[in-house]
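Engineer: Below you will find the structure I want to go over with you.
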Amino acid sequence: MSTEGYSQATADQLARKLEHRPTREELEAANVLKKSTVAPALQAKQVELDRNRLEDKLARKLENRPTREDLENKHVLLDHKVAPGLQVKQEELKRARIADDLSKKIQARQSPEQLREQHILE
């Protein structure tokens, strides 16, 4: 290394830093350098190609995305006619009504003795 134009202290400092310089593998592991088997002149094109491939894949996924109505029909999304803050309360109310209806039906159900008297059970 030529030290012309540098003070001895600067040259020594530079030499120490170069001794502790991380290897290419360490820089790749830390994602400072990109891992690539492509020639450096083609790396920019490879990055552009990868980005275009990713954009195309995302566009295809968005095209195949189900509509809001489909998700509502499959009960993935709640009905959007209700304010978002009230959707959870609406769902809780619906479940409570169903539970109440089932409890009333179970209580109104005839006992096994009554069913035997009517000759429904043996």
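The backbone N, Cα and C atoms fix where each Cβ goes, and this holds for glycine too.
Quantities reported herein were computed from a predicted structural model and do not represent experimental measurements.
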Engineer: Tell me which range among 1-23, 47-69 TrEMBL lists as region 'Disordered'.
Structural biologist: 1-23
Engineer: Report the DSSP secondary-structure composition of the region 'Disordered' (1-23) as helix, strand and coil residue counts.
Structural biologist: 12 helix, 0 strand, 11 coil
